[in-house]
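Trainee: Handing you a structure now.
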Amino acid sequence: MREIVHVQGGQCGNQIGAKFWEVISDEHGIAPTGTYKGDSDLQLERISVFYNEATGGRYVPRAVLMDLEPGTMDSVRSGPFGQLFRPDNFVFGQTGAGNNWAKGHYTEGAELIDSVLDVVRKEAEGCDCLQGFQVTHSLGGGTGSGMGTLLISKVREEYPDRIMETFSVFPSPKVSDTVVEPYNATLSVHQLVENADEVQVIDNEALYDICFRTLKLTTPTYGDLNHLVSAAMSGVTCSLRFPGQLNSDLRKLAVNLVPFPRLHFFLIGFAPLTSRGSQQYRALTVPELTQQMFDAKNMMCASDPRHGRYLTACALFRGRMSTKEVDEQMLNVQNKNSSYFVEWIPNNMKSGVCDIPPKGLKMSVTFVGNSTAIQEMFKRVSDQFTAMFRRKAFLHWYTGEGMDEMEFTEAESNMNDLVSEYQQYQDATAEEEGEFDEEEGVMDAEGAA
């Protein structure tokens, strides 16, 4: 079967990861003790994608948990599903990375990385046909960003032909946890551009907005935010785990969504999202889901798809529905909003249909879009980066761990290149192919920016 090895790193990654395992254990009928308590054969049919069956019918997640301090791990271990994980798969240091990317990537993290890779290798060897890896981490801190990207590049070296998918929490526009977020995030993006196949971009502020606006929660907690993310994570891998009429997997997703190798940063959304009170006033239909899924307020990261154009997009539906209706809706969206899709990739919507809806819903849809609007995200981080880097603020924390200023300059220009690439394809049209000169295009894009 097509197994996926899940790696979570740092505080944010471990908290999202823990929530994700709660969600899919619930879907597959796995109790917190690891025993099967479900009621349908479908739950077990492809359970091996995320779980390994141990002796006595116990199901163990193919998960590797890493952190540079024991705190978050302890709370995962004592959390509701803490007994699910294999104790050897908790790999942690004692020092912490102190929000310092260099500590995570070069010093503290580098000391721990071999023991993490041993566990990853062990999990990968336990698979019949490994499909790929999914990593949850944040880019603002030290461990998830520094050590997370170190792990990604090491795994890339060892398994070059497997898909590497990450769920990366970017720094939010207004809410900042750390002053040095722009540094950490820029250095991480520099790595993700080269070593990941698909990056789902998430940020806390957009998640808070969804909780306030759509779910009408007055005081959303990180638990609520992580629940949103894990709903989307579960949707992306759903068709690997349950039978469906139109299957998709990580590789199909990558092939359909990545038109140019560097542009693999995706917006994700999930529908239906309704507040508790108004659920019974809405019918769940394919048109209704399609409408909500394309709503800018539904995106889990703070860039507005209306400010750019979709290169490609993908809708993964779950539940009993007619595939014909799904196809019609997809076509309908593209025709009505044709200006928001680039015209030089015809039919750039992929859809998948999986028969089993998530717990408590009749049908749902997960949306993954490759939009040029994501450049807003990078531009914002890049501006903050430049403001600090020009004054060399906080730089001694990084150079003290052996980093070179050159690396910062490289990461900065890589990020700016990424922004102008997105801009170039946003402006490109189907006709001008002949006279379109590469260099000229990039210059124009920078002028426009």
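Glycine is no exception: its Cβ is also placed from the backbone N, Cα and C atoms.
What you are looking at is a predicted structure, and each value in this text was computed from that prediction instead of being measured.
The GTP binding site annotation in Swiss-Prot covers GLN11, GLU69, SER138, GLY142, THR143, GLY144, ASN204, ASN226 and is backed by similarity to another entry. Per Swiss-Prot, Mg(2+) binding site is recorded for GLU69. If you look up Swiss-Prot, you'll see 426-449 marked as region 'Disordered'. Annotation source Swiss-Prot lists compositional bias 'Acidic residues' at 429-443.
How buried are the listed features, and what sits near them?
Mentor: Annotation for SER138 (GTP binding site): same-chain Cβ neighbours under 8 Å, separated by at least 6 residues, are GLY10, GLN11, CYS12, GLY13, GLY144, SER145, SER168, VAL169, PHE170.
Long-range Cβ neighbours of GLU69 (GTP binding site) (same chain, at least 6 residues apart, Cβ-Cβ under 8 Å): PHE92, GLY93, GLN94, THR95, GLY96, ALA97, THR143.
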Trainee: With GTP as the bound species and GLN11, GLU69, SER138, GLY142, THR143, GLY144, ASN204, ASN226 as its recorded binding residues, calculate the greatest Cα-Cα distance and give it in Å as a whole number.
Mentor: 23
Trainee: In this structure, which of the binding-site residues GLY142, GLY144 has the fewest other Cβ atoms within 10 Å of its Cβ?
Mentor: GLY142
Trainee: Which of the three DSSP-derived classes (helix, strand, coil) applies to THR143 (GTP binding site)?
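Mentor: THR143 (GTP binding site) sits in a helix per DSSP.
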